């Protein structure tokens, strides 16, 4: 939709416009690269029919043989453009894009005359005036009425703060509020000019007034560019920004710094308010209650001597709210003396604030005097003397940004003044800017083994449906007759005794039907669930152990009524002591009863004889799944025998069936659990989906009516768990030559309040703690910390990334201590083919060392390392880093019984084939691969094979779709069923000949009474690891990969960008390279988020999760992916020991850890920054490497000056668990 809107407004957008058009769209599992590749084919740079983006051989400009000779083929009319449309799509039913055939805007709407509207009832009234006079009259009659422009802030207040407004006035259709004019000394804009239009107005103002006088408008334009996403900018307005008085508004500091005059109007008067007097406190202003913001007068800058700059730093560069922003303005005399100054900041106080002491200090000072900079920095430190526990946290970082912005401003202005008598820090000028992202894939990697169907790059079966919005998800299921909507009532305390629960206030509200809690279960035992340990309750009974624990559910006739009812339920608590962090759990010995270890060789003996023994601590934060579709289910009770049909967004239909059987008190054969598709899962719907579907099933049984519930984002995050945060204390023995001798480690995972799958997660971390390195003596131990946080659960990688992160962290620190390049240390210690891991598994088809060398060569690693060293030597504030990281990910469920799968294949009269298997489709392309396997095995076109859904009444006792094993397990089960059918059809193929169609074969077999349905089954052979004795095979095989990444960081702000990533994965003989490339790109970006931008924070005072939505939790966006994003598959090798379906390897989880290459490249850049300031201490960098951690890891004088230490007893505002 964003792309379509762009093309409707501009048929020839630039590459930059296309890339920026996707601001506000978040879906990191796509990797964004394929979306951008498709979108860029519409740009004017790629519009030639010969362009590679359009499937051609490359246009003349791409090949370098155009303009230099005879001009571009598109300009002289000799190219393919004249007789070929811009886009060439071949899928049936897809209409190619032609701008001149698009629907026009309805002429009747253009002629529509707006008239004033008023509607509502006693509780709520809406007004839509169309003139300023009408607006002022309404506002006079209803001074407390909420004025609505874009409603971006109001909807947040309504949704999250349950605010209610009895009267609202929509002002979006009042022409006077959308006008602007260029006056001699100022630009006047209407208060309700939308920000997208304001961008264009600013560009016109720059042209009108000239670049010097238009500095304020250049600053506004810059701030708007990084303000939210395009969808918000299309409706947001300056007046809305001002009236809400957000302390982190990007525009308000510019308005204050430019001495903008605000024109407020009420029915009887006009008030002019200087912006310096407008903000009175947190979310309060000087705007009279009966007035509206009519317009703003933004002064132009002076012809000479006035300078203005605007700055912003956020957790993510695009589409993010500021941590700190600033607008800094000075006016200088001809002798460079400061005449007037405004240093205005956001994010440093409860309101937009001027640095008053610094402003006073600067007045009369000579700007070119070096003492002016030092004095101002000292004054700024006094202005912003933040406490360690300041609301919003990040005290040191925020103070360093305030100082850093001024330092950058000071030298940028000196540079512009072109003075020679003072030393200018040129390197601090300018911020990191991204290039247009590009990338390439090796599209020929599978040619050597591609078959008729398998091995071909077929598109995802649901791709077109998903792009057009036709793909049906759980909440798209049509509403059932008498359906009720559920909304859970969740605990607001981290640990407390429940004194009382009173749903009666809710039951009196309109539309509310019923209350459901633990009293509605068949017995007390039915309330317990969990896998493999039943230690969690569907409903809290007497005590809550985490904020977000379900207490009950309100049922109503609409989702909004249910939400209002849930808010009205009164719960009284008595607080109990709570534990949040792993360190707190260790101190209180708060553990679950799960302990694992792997012990091989003699680690203690090796420590005594080794040349060196090093130790350290690794900390790694968790990660929110942030799937697009939140937890959802529809439970439909049947009138007979307690039957139920359950549609759930789950990776685990069989476990859903089992627990609904338990909570309803009927046998599992009466419960049918179905899944059409999931809008993402990543492990978050492997077990955590059971909670919602179980509660909805209880509600459906009690009311005998269908019940639907789809969680909103904040409830989903509060209840569904995350990737486990980890802490490890390691000790490694190593010799002078770099050979590792021993590893000893204590590994702790923060399980949360219940075990869920935490034991298996820590187990896998222990099995991956060797990374790709041979360590002869290993003793590692794993424990589960029991805390009062949300129960953490499976997440793509399932402990593997945590284990490998520990490994790569100790490798990095050991290399630093040995003063050896870490790339060399890795090479020295790589496993060799047929060597055994610390859990005694032989490495077969081992290609990590080969891929390592290939990536080094293909990425020009050595030359880029030299170039980066030269760059870092000459750059003071910007540093680059480079890292190359390998991965080895074991494929199999570590619980042996889960390594099985079933399938059901039907052949119908018309030759069409219906396949059912135990795996669920969640965007990863599993159904696409399974239909390809069936089509290949049965010798039919892919279009003849269909998978309708996953259901427990077709394939029973299924394992969850997880562990990257679903293609192996279900693929072999389907192949087994197809073998049976082929055996039955063999006589007919012999009789009818090789050209016989499946329709002919099926018809003949049917009339001979041959069964055309087959049940396939598969179980993974050979595996069976036993913990303790350290015997048996743990994994069926390992998926491997290597990635090199390069970053650039701005050490003054902590901002960074990934300049390039080169990924190479060994996926065996790919079943579908298109699907595998998508999985690799998506996993990499999700992994990059895990190790950089995605930080979960808890509010210390309340014990509740703070990062519960896109406003506070930052997944990577389109402009966060590597600027150059190259992916390739290993080829030209033999997989002699790989006995999987088509000799392919699982690919869902293994590439995720490749995202850590960005983290270690950041660490490499930080090492260069620290060396510059004489810091030789080994850097222990905690994951994720947020801009805050990047900045405070630097040791420059500015960050040292900004350091805020806790006073006695003072604690941070936020907790990282």
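Each residue, glycine too, has its Cβ placed from N, Cα and C.
What you see is a predicted model, and the numbers here were worked out from it, not measured in a lab.
Feature annotations, courtesy of TrEMBL:
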- 1149: active site, proton acceptor (ACT_SITE)
- 27, 29: [2Fe-2S] cluster binding site (BINDING)
- 227, 250, 312: FAD binding site (BINDING)
- 651, 682, 796, 963: Mo-molybdopterin binding site (BINDING)
- 686, 764, 798, 894: substrate binding site (BINDING)
- 119-303: domain 'FAD-binding PCMH-type' (DOMAIN)
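Locations of recorded TrEMBL features on the structure.
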residue: 27; record: [2Fe-2S] cluster binding site; Cβ within 10 Å: 21
residue: 29; record: [2Fe-2S] cluster binding site; Cβ within 10 Å: 25
residue: 227; record: FAD binding site; Cβ within 10 Å: 26
residue: 250; record: FAD binding site; Cβ within 10 Å: 27
residue: 651; record: Mo-molybdopterin binding site; Cβ within 10 Å: 28
residue: 682; record: Mo-molybdopterin binding site; Cβ within 10 Å: 29
residue: 686; record: substrate binding site; Cβ within 10 Å: 24
residue: 798; record: substrate binding site; Cβ within 10 Å: 28
residue: 894; record: substrate binding site; Cβ within 10 Å: 21
residue: 963; record: Mo-molybdopterin binding site; Cβ within 10 Å: 28
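Annotated pair residue 27 ([2Fe-2S] cluster binding site) and residue 682 (Mo-molybdopterin binding site), C-alpha to C-alpha distance, rounded: 13 Å. A Cβ within 8 Å of the Cβ centre of 651, 682, 796, 963, the residues given for Mo-molybdopterin, is found for these other residues of the same chain: 681, 683, 684, 686, 794, 795, 798, 961, 962, 964, 1148, 1149.
Shown in sequence order, 683, 757, 760, 761, 763, 794, 799, 800, 893, 962, 963 are the same-chain residues outside 686, 764, 798, 894 whose Cβ sits within 8 Å of the Cβ centre of the substrate site. If you take the CA of residue 29 ([2Fe-2S] cluster binding site) and look 10 A around it, the recorded positions you hit from 682, 796, 1149 are 682. Spatially close to residue 312 (FAD binding site) yet at least six residues away along the chain are 223, 226, 250, 322, 324, 325, 326, judged by Cβ distances under 8 angstroms. What surrounds the FAD site, by Cβ distance within 8 Å of the Cβ centroid and not counting 227, 250, 312, is the set 223, 224, 226, 249, 251, 314, 322, 325 from the same chain. Around residue 796 (Mo-molybdopterin binding site), the same-chain residues six or more apart in sequence whose CB sits under 8 Å from its CB are 682, 683, 1083, 1086, 1148, 1149, 1152, listed in sequence order. Put simply, of the binding-site residues 227, 651, 963, the one whose Cα is nearest the Cα of residue 764 (substrate binding site) is 963. When Cβ atoms from all protein chains are considered, those within 10 Å of the residue listed as 'active site, proton acceptor' total 27, not counting its own. Other C-beta atoms found within 10 angstroms of the C-beta of residue 764 (substrate binding site) number 26, with every protein chain shown included. Here the C-alpha separation of residue 227 (FAD binding site) and residue 651 (Mo-molybdopterin binding site) works out to 37 Å. Spread of the Mo-molybdopterin binding residues is 12 Å (greatest Cα-Cα distance among 651, 682, 796, 963).
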